[in-house]
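Chemist: These came from TrEMBL, pasted as-is:
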type: TRANSMEM; residues: 31-50; note: transmembrane segment
type: DOMAIN; residues: 33-225; note: domain 'Cation efflux protein transmembrane'
type: TRANSMEM; residues: 56-76; note: transmembrane segment
type: TRANSMEM; residues: 97-115; note: transmembrane segment
type: TRANSMEM; residues: 135-152; note: transmembrane segment
type: TRANSMEM; residues: 173-191; note: transmembrane segment
type: TRANSMEM; residues: 197-218; note: transmembrane segment
type: DOMAIN; residues: 230-308; note: domain 'Cation efflux protein cytoplasmic'
Amino acid sequence: MAKFPKPVFLPADVYLKRAQRSQLILRSAKLGIKIRLAIIVFELFGVALINSSTLFLDAISGLMDVLSTIFLIICIKLARKPPDEDHPFGHGRYEPLGGLLIGLILIFIGAIMLFQQVNGFIQEAPQPFLHPWAWIFPATAMILLEICYQLIFRTAKNENSPALAADAVHYRIDGLTSLLATLTLIAAALVPEWSGIVDHIGAILIALFMIGLGVFAARENFNQLTDKVPNQEFFKTVKKAAHEVEGVQATEKIRIQLYGPDAHVDIDVEVEPKLTVDFAHQISQQVRAAIQKAWPAVRDVTVHIEPYYPGDH
């Protein structure tokens with residue numbers, strides 16, 4: 001009677017990289033919250049000094065983003081939960097779900113802002129003269145927000161997290177809002193009679209930009225939730241890893257599903273037709289391990305063994 005083949009274990013660094021991904025994403029999100037809270041306190045201090053409604057609204061906008069980032073952190077932590085009986089594929093989709101909701105919040109806030117600014121432009125009222133150096137507060141916030149955006153978006157891109165990318169977009173938009181506040185306060189100080197018009201036109205452009213970025217962020221996360229075919233680079237990685245296993249003659253169908261921080265791979269592997277079942281099983285185990293080693297985000301691999309016939313493709 002044939003002995004059951006020894007299982008193929010993954011290297012320890014595969015599990016380590018998977019854990020490091022979640023920690024890195026959470027660290028980036030928490031860093032963003034700390035920087036944003038510091039900016040809010042700084043801007044509210046400016047409001048107390050110069051009594052600027054533009055600066056106050058900029059601070060309130062930042063507070064909304066902090067709340068949405070906290071929501072994202074909760075979703076990311078839920079996505080880290082291991083598979084269970086009710087969720088055999090894990091809980092990874094909590095992450096793109098959080099990203100989708102953040103995108104929808106962007107669209108909603110942008111639409112409200114657009115309506116208010118268009119209405120304010122039609123019913124223009126005189127704007128009070130502000131301190132000539134009032135623009136320093138939003139200008140400082142703008143620089144810090146852009147730095148924060150670059151750090152978080154780089155992490156999101158490297159770790160393939162559309163949810164974190166959607167959160168990073170908030171910081172870019174807040175930076176643009178702070179830029180608008182800076183230009184508005186400069187205009188209010190230099191040409192007070194035109195400050196209202198500059199404020200409304202700039203805010204309308206920012207609102208349209210916010211809606212566009214919200215649509216982009218929502219679409220990226222919606223694609224994961226609806227199992228849209230992911231980036232072709234993932235398929236190349238899987239195929240290359242499978243072909244490096246001895247005994248694999250060819251690969252045929254490859255299906256990939258992204259579940260937030262996790263990925264699931266289904267692959268057809270062709271081997272010599274006369275191989276014994278236990279040897280073919282060993283090849284399938286080696287293929288699974290090779291794919292997970294090449295792409296640590298892969299939680300599960302289903303390998304279908306098929307006979308290889310030259311010229312069959």
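Each residue, glycine too, has its Cβ placed from N, Cα and C.
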Chemist: How many helix, strand and coil residues does the domain 'Cation efflux protein cytoplasmic' (230-308) contain under DSSP?
Modeler: 30 helix, 30 strand, 19 coil
Chemist: Restricting to the same chain and to residues at least six past its boundaries, which positions have a Cβ under 8 Å from a Cβ of the transmembrane segment (97-115)?
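Modeler: 61, 64, 68, 71-72, 74-76, 161-167, 169-170, 173, 203-204, 206-211, 213-222, 225.
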Chemist: Averaging the per-residue pLDDT over the domain 'Cation efflux protein cytoplasmic' (230-308), what integer do you get?
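Modeler: So the average pLDDT across the domain 'Cation efflux protein cytoplasmic' (230-308) works out to 89.
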